[in-house]
Amino acid sequence: MEYGLIGAKLGHSYSRQIHEEIGGYSYELKELPTRADAEAFLEARDFKAVNVTIPYKKLVIPYCDEVEPRAAAIGAVNTLVNRDGKLYGYNTDYDGFAYLARRHGVRFRGKTVLILGSGGTRNTVAAVCRDRGAERVVTLSRSGADGCITYEQAEASGEGQIIVNASPAGMYPNNGECLLDLKKFPDLEAVLDVVYNPFRTELLLRAEELGIPAYCGMEMLVAQAVYASARFLDRKVDLSHVERIHRDIRRQVSNISLIGMPGCGKSTVGRALARALGKTYVDLDDVIEQVAKMPIPDIFAQRGEDVFRKYEADAVRECAKNHGQVIACGGGVIKTPGNARLLRQNGPVLWIRRPVEKLPTTGRPLSMGGHSLKKMEAERTPLYRSGSDAAVDNFGRLSDTVRDAVEAFDQTFDPGN
Ligand SMILES: Nc1ncnc2c1ncn2[C@@H]1O[C@H](COP(=O)(O)OP(=O)(O)O)[C@@H](O)[C@H]1O
Ligand SMILES: O=C(O)C1=C[C@@H](OP(=O)(O)O)[C@@H](O)[C@H](O)C1
Ligand SMILES: [Mg+2]
């Protein structure tokens, strides 16, 4: 192997795509399940340069002939370069996190920073905060041991201007997990999360809902790879790659969820939009019918709307965890509080609008009779508005709606989103 990534369990990794795009070399994902496997790999030195991930960032240090002082101080090496048989260790996670903060104007100077989690990434984040002049860096952990404070203690003190999650809380498949009530921190200015799956963890969703700028770890991931690639090839760092590759990955793996009145065209637009963007099409109504093993009108007739809404909420929870999908929802999805924010975890929610006169009044249990549709529209409009990132009109040709939906989707990648 020439270039690649080593770690105990790699699963899906974006690193290959990022490195191959920047460096033009092929990048192999090499799983080394046991410590003995990792040691054998390091002893053989049969590679040009590798990135190192969990749980070997510390293990590789004694194998290095030289470790940059910053990586030594952090106690973790994520980039290992073999130059004429000598191993050089670097920590580009540091650079990646520094990039993420700088890119969004998050300044640590004079601030109290709360770092969530006492694992490996904590040291990297703490080093960046200290080097950038943070006044206090406080680590939160569940136990509060080893110089940390507990989440409850942090909430009770209410101090902290910047919060950084360096723990796996809220990471797939534990979407929705969050240990901190952000309302307890009146001086909060920014929240950063090293997690990038989902794009918006529960922590980031909560921050956004309080109007606090919130940034996910995807740019950190891309930036650390760009810095690593420069080490691999002894080239200058070219940060112009970061934004483009970040955008490409987001565009590729984001979901797009469609909401709107029953019959407004969510399923029709959704299928065409998925085709246009190469995404997987998921119709929540179909998912519900499969799970309930009966058609939707039968669920309503035999078990009632409340039971239907429970099936619907479960379908939202599961589907919203996955990536690269266009999700056509049922019209009433916004009636259950929390569904819209679940959908927003991995991409924008678009509100498809169509004049009420054009909406079908048959085949849908709640759409019978034109008058009730007008009333329903009046009730639901505020929910569609608050539950969506953008509105797309489906008044004319389907192809026009799809074009406008793609444009609305692309606009969600503008800086700050
Ligand atoms: N732009 C459009 N032009 C013509 N017919 C449309 C358009 N959008 C939707 N329709 C029609 O409206 C009906 C309802 O669409 P559908 O996609 O099932 O809506 P929803 O999934 O929102 O309930 C379908 O018969 C569909 O063909
Ligand atoms: O608006 C609603 O409450 C509903 C809309 C339907 O989906 P469509 O919007 O795709 O018709 C379906 O989920 C169910 O009949 C309930
Ligand atoms: Mg539909």
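Using N, Cα and C of the backbone, Cβ positions are placed for all residues, glycine too.
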Matching residue for the ATP site, where TrEMBL names GLY263, CYS264, GLY265, LYS266, SER267, THR268, ARG397 - out of ARG231, ARG303, ARG364: ARG364
Longest CA-CA distance among ASP285, ARG309, GLY331, ARG380, per record bound to substrate, angstrom: 19
Candidates near ligand 3 among the binding-site residues LYS266, SER267, ARG380, ARG397, judged by a Cβ under 6 angstroms: LYS266, SER267
Sparsest-packed of the listed binding-site residues (LYS266, ARG397) - C-beta count within 10 angstroms: ARG397
C-beta crowding around ARG364 (ATP binding site), within 10 angstroms: 20
Binding-site residues near ligand 2 among CYS264, GLY265, ASP285, ARG309, GLY331, ARG380 (Cβ under 6 Å): ASP285, GLY331
Entries of ASP285, ARG364, ARG380 (binding-site residues) sitting next to ligand 1, with Cβ under 6 Å as the cut-off: none
Length of the line joining the Cα atoms of GLY263 (ATP binding site) and GLY331 (substrate binding site), in Å: 8
